[in-house]
Amino acid sequence: MRIAVFASGNGSNFQALADYLSKKGLEASIDWLFCDQPAAYVLKRAVALDVPADCFSPKEFESKKEYEEAILHKLKEKKIDLIVLAGYMRIIGPVLLENYDKRIINIHPSLLPSFPGLHGIRDAFEAGVKETGVTIHYIDQGVDTGPIIRQEKVRIEQEDTFDSLEEKIHRVEHRIYPEVISEIIENGGYLK
């Protein structure tokens, strides 16, 4: 299975997935990294891992449709089977959704449907809830609304700070995202 990872930032989930796949010996590989931020550290990770990468901004295109068509062209050129969003900070539009239906997965740092959007960890922390977690889900036309594949709870202790909670969330993400992707690979591309 040929995998593309879309990322916008540091790329710690990209790194965790690459490390997991290299150890696990699955019939899968990360064949392309797409990034929309030219200064993102994930691009350095891709170079270190010898993963082909491209970076272009939506500002370079007349419309979101043209932007996604350029991405789709690269996906088809590289014969990508599965798209893994790993800190990709853009909403996936109709062009990619129609061509990769149930083949785009995302990880979100909360127990959806609670605390959707950009600041799941901060929103849960500031709300004073006793637990939050991590959700892996398929992408649909909504924001953080697609069918849930897996969730894992993370307890918020009284002594937790925002930083310690963020660290706990990242540890869970780095463990379960590769596991779920491995299950998807072993099941031929889709989990119910």
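Including glycine, each Cβ sits where the backbone N, Cα and C put it.
Remember, predicted model here, so these are calculated numbers, not experimental data.
Copied from TrEMBL, the annotated features are:
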DOMAIN    1-181  domain 'Formyl transferase N-terminal'
BINDING   GLY11, SER12, ASN13  N(1)-(5-phospho-beta-D-ribosyl)glycinamide binding site
BINDING   LYS64, MET89, ARG90, ILE91, ILE92, ASN106  (6R)-10-formyltetrahydrofolate binding site
ACT_SITE  HIS108  active site, proton donor
SITE      ASP144  site 'Raises pKa of active site His'
Spatial neighbours of SER12 (N(1)-(5-phospho-beta-D-ribosyl)glycinamide binding site) that are distant in sequence (at least 6 apart) but have CB under 8 A: GLY87, HIS170, GLU173, HIS174
Candidate with the highest Cβ count within 10 Å, taken from the recorded positions LYS64, ARG90, HIS108: HIS108
Cβ-Cβ neighbours of GLY11 (N(1)-(5-phospho-beta-D-ribosyl)glycinamide binding site) (radius 10 Å): 24
HIS108 (active site, proton donor) versus recorded positions GLY11, ARG90, ILE91, ILE92, ASP144 - nearest by Cα: ASP144
Using Cα positions only, nearest of the recorded positions to ASN13 (N(1)-(5-phospho-beta-D-ribosyl)glycinamide binding site) (LYS64, MET89, ASN106, ASP144): ASN106
Cβ packing number for ILE92 ((6R)-10-formyltetrahydrofolate binding site), 10 Å threshold: 21
Inter-residue Cα distance where the pair is ASP144 (site 'Raises pKa of active site His') and LYS64 ((6R)-10-formyltetrahydrofolate binding site), in Å: 19
Cα-to-Cα gap, ASN106 ((6R)-10-formyltetrahydrofolate binding site) vs ASP144 (site 'Raises pKa of active site His'), nearest whole Å: 8
For (6R)-10-formyltetrahydrofolate: widest Cα to Cα gap among LYS64, MET89, ARG90, ILE91, ILE92, ASN106 in Å: 20
Chain-internal residues, separated by at least six, CB under 8 A from MET89 ((6R)-10-formyltetrahydrofolate binding site): SER8, GLY9, ASP36, LEU118
Those residues of the chain, 6+ apart, with a Cβ under 8 Å from that of ASP144 (site 'Raises pKa of active site His'): ASN106, HIS108, LEU112, PRO113, PRO116, GLY117, THR135, HIS137
Inter-residue Cα distance where the pair is GLY11 (N(1)-(5-phospho-beta-D-ribosyl)glycinamide binding site) and ILE91 ((6R)-10-formyltetrahydrofolate binding site), in Å: 18
Cα-to-Cα gap, ILE92 ((6R)-10-formyltetrahydrofolate binding site) vs GLY11 (N(1)-(5-phospho-beta-D-ribosyl)glycinamide binding site), nearest whole Å: 18
